[in-house]
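According to Swiss-Prot, the protein carries these features:
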{"type": "BINDING", "residues": "Asp14, His15, Gly16, Lys17, Ser18, Thr19, Asn131, Lys132, Ile133, Asp134", "note": "GTP binding site"}
{"type": "DOMAIN", "residues": "2-184", "note": "domain 'tr-type G'"}
Amino acid sequence: MKHIRNFSIIAHIDHGKSTLSDRLIQVCGGLSDREMDAQVLDSMDLERERGITIKAQSVTLEYKAKNGETYQLNFIDTPGHVDFSYEVSRSLAACEGALLVVDAGQGVEAQTLANCYTALDMNLDVVPILNKIDLPQADPERVAAEIEDIVGIDAMNAVRCSAKTGVGIDEVLEVIVEQIPPPEGDPEAPLQALIIDSWFDSYLGVVSLVRIKNGVLKKGDKFKVMSTGQNHTADRVGIFTPKQTDKTELKTGEVGFVIAGIKEIHGAPVGDTLTLAKHGAEKPLPGFKKVKPQVYAGVFPISTDEYENFRDALNKLSLNDASLFFEPESSSALGFGFRIGYLGLLHMEIIQERLEREYDLDLITTAPTVVYEVLLTSGETVYVDNPADLPAINNIEEMREPIVEANILVPKEYLGNVITLCIEKRGTQVNMVYHGNQVAVTYHLPMAEVVMDFFDRLKSTSRGYASLEYNFIRFDPADMVRLDILINGDRVDALAMIIHRSNIRHRGLALVEKMKELIPRQMFDIAIQAAVGSQIIARSTVKALRKDVTAKCYGGDVSRKKKLLNKQKEGKKRMKQVGNVEVPQEAFLAVLKLNE
């Protein structure tokens with residue numbers, strides 16, 4: 001056991017985590033040169049295309065250290081994006097140490113800090129590593145000082161390496177062996193294994209990634225899942241080297257996979273504990289805190305017969321992505337679908353893309369909303385995440401919107417732009433600290449403003465240098481109203497949105513204009529209105545198509561033309577009473593794009 005090292009790699013987006021993992025795998029000979037390709041752990045197509053890590057992946061390597069001993073290194077590559085921070089905290093729970101990778105050109109960023117604090121809270125040893133020293137703009141001295149100043153860990157003797165060129169990789173491995181403590185645990189005690197991750201394989205059933213805290217799990221053992229109390233037999237156990245490699249047993253302190261032919265999807269929930277069916281452990285390990293979704297959106301299959309497939313797909317995906325929340329929802333405009341809760345907009349985009357790609361579905365999403373706390377006149381408090389469920393205005397005593405605390409790190413030359421943006425988003429400044437060239441600003445912002453397009457705007461006003469990390473703190477009273485869109489006097493539930501009263505004129509006008517472009521002309525006039533309660537605040541009309549009925553009249557009396565025109569008018573009037581308007585898919589998507 002004293003030769004096992006479990007560690008994670010944490011860093012901000014694009015500081016080189018995945019490339020560093022590639023080098024470690026190569027140096028330790030986990031894969032032959034033929035099988036090696038760039039970012040070998042980012043196995044999802046989506047991860048490769050966007051160049052980001054979404055799922056944490058684990059690898060076990062053998063490393064022969066300079067002192068002649070052979071060590072088993074289990075490491076987990078984690079995502080750097082703020083929406084996936086729960087993936088990071090899960091990975092950290094399985095480790096004794098973490099490598100904090102910092103780009104020697106960019107320096108410390110908000111996400112580096114957030115993940116590093118998570119690691120320190122879990123009492124892990126954090127080892128700083130300066131990456132990308134081959135770049136011309138690299139300045140390791142300044143960055144090391146920055147790490148000490150902002151993060152507060154000793155970084156003067158931090159290893160300097162370049163994952164791309166392979167310089168300093170051996171030193172990184174030595175540091176891992178020297179500075180990260182071996183796992184603690186009792187091989188004789190009853191088995192306790194923490195499920196770090198699980199995914200569904202159509203041939204093998206549920207595959208779970210586990211970290212053995214105490215005891216040993218052998219192939220063929222009968223084990224039980226502590227939260228459900230169900231018993232299963234371990235058909236295969238093993239490790240990833242990154243290839244799936246079978247072993248006869250997983251010992252204390254190791255990280256590996258278990259396949260038990262569990263067919264029902266929630267058979268082994270993430271964060272659960274496995275123990276042996278006979279002589280099992282008394283109590284489960286402390287799991288992870290359940291992540292609360294921050295953003296909700298209705299998602300509907302374009303053709304209704306795909307509803308069942310959509311439900312299966314969501315079930316399979318939620319096994320792999322523990323933070324996904326969904327419940328059935330129906331809409332008069334879009335039929336049956338699900339209300340899905342996400343951690344943020346990137347998460348929402350990724351989930352939708354994964355559903356469309358991996359499960360071949362055609363989906364349409366309504367505008368995302370956050371959860372509001374509503375105090376009713378009857379004195380009870382309800383939580384609303386769907387604009388259609390908002391009680392009538394006269395029943396509402398007070399609306400409260402969620403407020404987040406946003407920590408922004410920005411170079412001082414862009415500070416002005418960032419402050420302007422935060423004020424425009426109804427933020428209040430709480431704190432500002434200068435660290436050398438960087439400024440750390442803390443703002444309290446309404447979550448609704450943050451989830452919409454705050455991140456993109458922040459990046460564009462600061463040329464990509466500002467970085468953001470936020471978490472929910474409380475609900476604050478706010479003057480929020482529901483904006484409805486009426487088409488020919490009928491409310492379209494899928495287009496409703498909850499916004500701040502100061503934005504309704506501007507938003508309502510923009511919306512009806514956009515809808516006017518997108519709804520095709522019919523044989524009769526279509527009135528598109530934006531309303532708050534019974535008050536109409538904006539309107540536009542899609543003009544009717546009409547046949548030129550007077551074309552056959554040459555000369556003659558004007559009453560002849562009038563007769564024909566009036567006859568046409570009567571017909572249009574009758575048509576309007578019975579006519580239905582089809583709202584095209586693009587119109588729903590336009591609502592999402594409005595803020596661009």
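Even glycines carry a Cβ here, placed using N, Cα and C.
Following the DSSP three-state reduction, the secondary structure of Ser18 (GTP binding site) is helix. Spread of the GTP binding residues is 17 Å (greatest Cα-Cα distance among Asp14, His15, Gly16, Lys17, Ser18, Thr19, Asn131, Lys132, Ile133, Asp134).
Shown in sequence order, Ala104, Pro140, Arg160, Cys161, Ser162, Val167, Gly168 are the residues of the chain, 6+ apart in sequence, with a C-beta less than 8 angstroms from the C-beta of Ile133 (GTP binding site). Counting every protein chain shown, the number of other Cβ atoms lying within 10 Å of the Cβ of Asn131 (GTP binding site) is 30.
For Ser18 (GTP binding site), the number of other Cβ atoms no farther than 10 Å from its own Cβ, over all displayed protein chains, is 25.
Taking the domain 'tr-type G' (2-184) as a whole, pLDDT averages 74 in the prediction.
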